[in-house]
Amino acid sequence: MESRAYNFNAGPAALPLEVLKRAQEQFVEFEGTGMSLMEMSHRGKSYEGVHFETEKLLRELLSIPDGYKVLFLQGGASTQFAMVPMNLLSPGRKAAYVHTGAWAGKAIKEAKMFGEIAIAASTEADSFMRIPSLSELKVPEDAAYLHLTSNETIGGTQWQEYPDTGSVTLVGDMSSDILCRPLNVSQFGLIYAGAQKNLGPSGVTIVIMREDLIAPPAGAVPTMLQYATHSKSDSLYNTPPTFAIYMVNLVLKWLQEQGGAEAIERINKEKAGLLYDAIDGSGGFYRGAALADSRSIMNVTFRMENEELEKRFVKESEAAGFVGLKGHRDVGGLRASIYNAVPLESVKALVSFMKDFKQRNG
Ligand SMILES: *Cc1c(COP(=O)(O)O)cnc(C)c1O
């Protein structure tokens, strides 16, 4: 047995060991073809099999209804920050954004280049430590869409319930929580997610989009940045990131073996519950960063009395085999990212490390 770290990295992040092993088995020769999947045409039967199976798996796992397209794009979620307004925000219209933290802020910054932006709600005054309540949202009726960030990876907050936006299209950045729980896709017009947190390695971005929203945009938009281009060609307009898509395929099969979205949600809640209980039950030694009603089950953020203690926690945790517990440099503190692929055992090990550390330093 190789030794595996207790990996709490925020992204790229832990992948299931079974998936890594399967990829290793198939790496040099893919299914009797005499070559690696990475050495073959994306127009050939073997790759196409993987490509369309990956879409099918995603459709099954998320119960994506008819009338939605699934796209495999490049450029990360960060490119979607621009592609969404480039394609959905026509001249003279405005778009609404919910400002919940670092990632929402980046999406807003890009969108401002393409039109008028209304902030439907912002939790900046609360240092982004919470998600706004649905009643706080002010969405202009004529907005082209409302954009929200389902899970703020850095702050550690997550929407518990999505707003019903009526006739206004809802757009969601689900980069750090897609498939962590069941999802009612039909509430959204467009969902996007970089793969490297919950779906696979970096290199591919998933877009799930209602077909009626896919139209050649009004202004001058480069061919590669039009959803219509990729939709028409089933994400094979140019060379797709074949390896990344193949890895997503394996991760989705693994997820299916775990029992799908409902089963993984139970496990995710158990993992998050163990950590939040350890934080809340520490008598103030550890303090949850996000407000309780906005806590993420993917990124558990917490603080200690002072930075010195936090530094010692990071250092000692690393010596004990834990990776990735230092908070994002913009906000400091500590963060345990517990995406789908992080085993329950890793979380249990972290909980006992936290208790032990508190005993020694409390
Ligand atoms: C990581 C992340 C991004 C950025 O993803 P890239 O693929 O690096 O562009 C965007 N939004 C959220 C919520 C993220 O967690």
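For all residues, glycine too, the Cβ spot is worked out from N, Cα and C.
Residues annotated as L-glutamate binding site in TrEMBL: Arg43. Contacts of Arg43 (L-glutamate binding site) defined by a Cβ separation under 8 A and a same-chain sequence distance of 6+ are given as Leu236, in order along the sequence.
The feature pyridoxal 5'-phosphate binding site is assigned by TrEMBL to Ala77, Ser78, Trp103, Thr153, Asp173, Gln196, Asn238, Thr239. Counting only residues at least six positions away in the same chain, the Cβ atoms of Gly11, Pro12, Ala13, Ser202, Gly203 sit under 8 Å from the Cβ of Gln196 (pyridoxal 5'-phosphate binding site).
Summarising the annotation, TrEMBL assigns domain 'Aminotransferase class V' to 6-350.
Look at Lys197 (N6-(pyridoxal phosphate)lysine): DSSP puts it in coil. The Cβ of Lys197 (N6-(pyridoxal phosphate)lysine) lies under 8 Å from the Cβ of Ala10, Gly11, Pro12, Ala13, Thr153, Ser175, Ser176, Asp177, Met298, Ser337, Tyr339, each of which sits 6+ residues away along the same chain. The N6-(pyridoxal phosphate)lysine annotation in TrEMBL covers Lys197.
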For Thr239 (pyridoxal 5'-phosphate binding site), nearby residues of its own chain (Cβ under 8 Å, 6 or more apart in sequence): His42
Entries of Arg43, Trp103, Thr239 (binding-site residues) sitting next to ligand 1, with Cβ under 6 Å as the cut-off: Trp103
Cβ neighbours within the same chain of Trp103 (pyridoxal 5'-phosphate binding site) - under 8 Å, at least six residues apart: Ala77, Thr149, Glu152, Thr153, Ile154, Asp173, Ser175
Surrounding CB atoms that lie within 10 Å of the CB of Thr153 (pyridoxal 5'-phosphate binding site), all protein chains: 27
Mean predicted confidence [pLDDT] for the domain 'Aminotransferase class V' (6-350): 97
